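Below is one structure, written out as structure tokens; comments come after it.
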Amino acid sequence: MPPTVIAEPVASGAHASYSGGPGETDYHALNAMLNLYDADGKIQFDKDREAAHQYFLQHVNQNTVFFHNQDEKLDYLIRENYYEREVLDQYSRNFVKTLLDRAYAKKFRFPTFLGAFKYYTSYTLKTFDGKRYLERFEDRVVMVALTLAAGDTALAELLVDEIIDGRFQPATPTFLNSGKKQRGEPVSCFLLRVEDNMESIGRSINSALQLSKRGGGVALLLTNIREHGAPIKNIENQSSGVIPIMKLLEDAFSYANQLGARQGAGAVYLHAHHPDIYRFLDTKRENADEKIRIKTLSLGVVIPDITFELAKRNDDMYLFSPYDVERVYGVPFADISVTEKYYEMVDDARIRKTKIKAREFFQTLAELQFESGYPYIMFEDTVNRANPIDGKITHSNLCSEILQVSTPSLFNEDLSYAKVGKDISCNLGSLNIAKTMDSPDFAQTIEVAIRALTAVSDQTHIKSVPSIEQGNNDSHAIGLGQMNLHGYLARERIFYGSDEGIDFTNIYFYTVLYHALRASNRIAIERGTHFKGFERSKYASGEFFDKYTDQIWEPKTQKVRQLFADAGIRIPTQDDWRRLKESVQAHGIYNQNLQAVPPTGSISYINHSTSSIHPIVSKVEIRKEGKIGRVYYPAPYMTNDNLEYYEDAYEIGYEKIIDTYAAATQHVDQGLSLTLFFKDTATTRDVNKAQIYAWRKGIKTLYYIRLRQMALEGTEVEGCVSCML
């Protein structure tokens, strides 16, 4: 007998104080009142809390399947193929029930309507017809903890505490899929290389289909593809260039989505010195011919230092045939340092080249970003100088924060692998900075997060794309992110981008890095192994640690010194770093990559955080949510008494945002999704100035450009949801 739908006791999910009665205001109307000032000109925060309360009473409780007890519920969910039996079989039933009790005892409440709405719309387990709810937030947290802890009861308990107390939030694919029988992979996104042959192109399209089906966004490197008009088998003017491959990929992504749950999403990256660069960029023009227009793929451009230097001198910039470069140097174009070899390639008559004006190239970039928000930018030399791993980073991902080394695969004629290369998958999750600063044990919070993300890597086996599986097995790479920086700073009455704000960002990321490395070192010691290639890394040589052992890192402002002291968080000393360096050189670290800061989307609403580490876009954010229409979301910790600290990103301006990201970047081995915000008075010159400022400040990548302009609302595109946390 299936269970009946009866309202669960209100206390298990909403507020226990509800007495019922006619005439209640609809939750949607209550939420809308957040956007209206009251008679005294105050923001009505209480209306949003009431909306969350009424959402449970009017909707959630009435549509939640009722069970008499936990045993009945667990038995039903396993029997009916809702839960993965294998996950629960790793524990005694008694432990699972105790863990559920532990979660429910926390008396979790969604502080905002949008948080509750997002959770029930997008994450919770529903009946197969999609009409009724089978889980509360606590149940989802417990299933995620049980899945990631893989039988380790102590870790499962710690994970429940970290997630339900809001300190650690796994990325959408992990939080959505863990423990469910019908599910996608827990991985956020993937990066593939495409080499200059039909086998690699064909295999890449198949890989894109396979990965998109499993729920990840996929970014592909097209830099190595020979340009339009290049020879094929020595016959001139034969190659079609990169555009037809982009068209094939666009169709593949629209076909393959994760059980209809998320639109397939793809990105393609091309080097600035590829001869097809203008054709590539033109695909995003509003007036582009339909034959070449690319509507749903995201574009990224890889720019080396030399391009900026040429523009500074107002010189021409040469574009080099990847086909010729590979013939001359014996390695694919993407694996060459263009900055290093630029003049050598200019002088080499064997390499075909064309020239464009360097400043015109940057002007074109800015025009396009005005029109479409694209392309993303990866500063190639900055990225590779900061890379502690042996090898070259050639491109980034759908949200421009993953920066890992990849190697090419070689194929036989039948498309089987002659040599499996190394491609990239991103195992993501983020810390809420405010809650982490409030943690009873800061070091433990970081360690539990690192262990959770390592579990995502350990449990992922994507056999349909051997290069992704190989990369994951070799590297155990993860990306610990951060969110709620602006929320935390405002709570502590610090302005975003101020000296104190930048000082805090620097010391916080510095301290997180220390504990993340220490946790990875511990895992390496426990397991008696490290990531493949560790001995060729800057961790093994000790070079990575020099900047931490050679100078003192401490707060420059009294305010930040006090924040860490009041929180009881010890800031690592040079001696701490020396000891860690010794242990790492002796035993290694388990994870090749540890940190990456993604553009947290849905999970920051559930977790009640400001997104990533950029400023808020408005004090009360307006979102369009499916059938319900407009929904309003208040910035975390905002009250009518501290509004001055909630200046929005457009008012703050790009310099303070870049300065803040630069402070964090120096302690993050991968990238940070950095969106630039401009007022509608901005010109393409302003965009170029911001790009140059970011490059000079050591920023690794730039994500979207957003203009405060009604016509451009929505340039963020659904695309990044798959990599957004």
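Note: Cβ is positioned from N, Cα and C throughout, glycine not excepted.
The feature substrate binding site is assigned by Swiss-Prot to Thr172, Ser188, Cys189, Gly217, Asn397, Leu398, Cys399, Ser400, Glu401, Pro599, Thr600, Gly601, Ser602, Ile603, with similarity to another entry given as support. Counting every protein chain shown, the number of other Cβ atoms lying within 10 Å of the Cβ of Glu401 (substrate binding site) is 29.
Residues or ranges marked as site 'Important for hydrogen atom transfer' by Swiss-Prot on the basis of similarity to another entry: Cys189 (among others). Cβ neighbour count for Cys189 (substrate binding site): 31 (other Cβ atoms within 10 Å of its Cβ, all protein chains included).
Cys426 (disulfide bond) falls within a strand segment according to DSSP. Around the Cβ of Cys426 (disulfide bond), the number of neighbouring Cβ atoms within 10 Å comes to 32. Feature annotation from Swiss-Prot assigns disulfide bond to Cys189-Cys426.
In the structure as shown, the Cβ atom of Asp196 (site 'Allosteric effector binding') sits within 10 Å of 19 other Cβ atoms. According to Swiss-Prot, the feature site 'Allosteric effector binding' maps to Asp196 (among others).
The C-beta environment of Arg226 (site 'Allosteric effector binding'), restricted to residues of the same chain at least 6 apart in sequence and closer than 8 Å, consists of Asp196, Ile232, Ser239, Gly241, Ser321, Pro322, Tyr323. Sequence annotations record features per position, and here Swiss-Prot assigns site 'Allosteric effector binding' to Arg226 (among others) based on similarity to another entry.
The annotation active site, proton acceptor is assigned in Swiss-Prot to Asn397 (among others). For the recorded site, Asn397 (substrate binding site), the DSSP three-state label reads coil.
Per Swiss-Prot, the feature active site, cysteine radical intermediate maps to Cys399; the stated evidence is similarity to another entry.
Residues or ranges marked as active site, proton acceptor in Swiss-Prot (evidence: similarity to another entry): Glu401 (among others).
Summarising the annotation, Swiss-Prot assigns site 'Important for hydrogen atom transfer' to Cys426 (among others).
Residues or ranges marked as site 'Important for electron transfer' in Swiss-Prot: Tyr703 (among others). Secondary structure at Tyr703 (site 'Important for electron transfer'), as computed by DSSP, is coil. For Tyr703 (site 'Important for electron transfer'), other Cβ atoms within 10 Å of its Cβ number 28.
What Swiss-Prot records for Tyr704 (among others) is site 'Important for electron transfer'.
Marked as site 'Interacts with thioredoxin/glutaredoxin' by Swiss-Prot on the basis of similarity to another entry: Cys720 (among others).
If you look up Swiss-Prot, you'll see Cys723 (among others) marked as site 'Interacts with thioredoxin/glutaredoxin'.
Once Cβ contacts within 10 Å are tallied over all protein chains shown, the binding-site residues Thr172, Asn397 are led by Asn397. Around the Cβ of Ser602 (substrate binding site), 21 further Cβ atoms fall within 10 Å across all displayed protein chains. Within the set Thr172, Ser188, Cys189, Gly217, Asn397, Leu398, Cys399, Ser400, Glu401, Pro599, Thr600, Gly601, Ser602, Ile603 that the record links to substrate, no two Cα atoms are more than 19 Å apart, and one pair reaches that distance. The two recorded residues, Ser602 (substrate binding site) and Cys426 (disulfide bond), show a Cα separation of 17 Å. Checking each of the binding-site residues Cys189, Asn397, Cys399, Glu401, Thr600 against Tyr704 (site 'Important for electron transfer') by C-alpha distance, the shortest gap belongs to Cys399. All protein chains included, Tyr704 (site 'Important for electron transfer') registers 23 other Cβ atoms within 10 Å of its own Cβ.
Under DSSP, Ser602 (substrate binding site) is assigned to a helix (H, G or I) in the three-state scheme. Comparing Thr600 (substrate binding site) with Tyr703 (site 'Important for electron transfer'), their Cα atoms are 13 Å apart once rounded.
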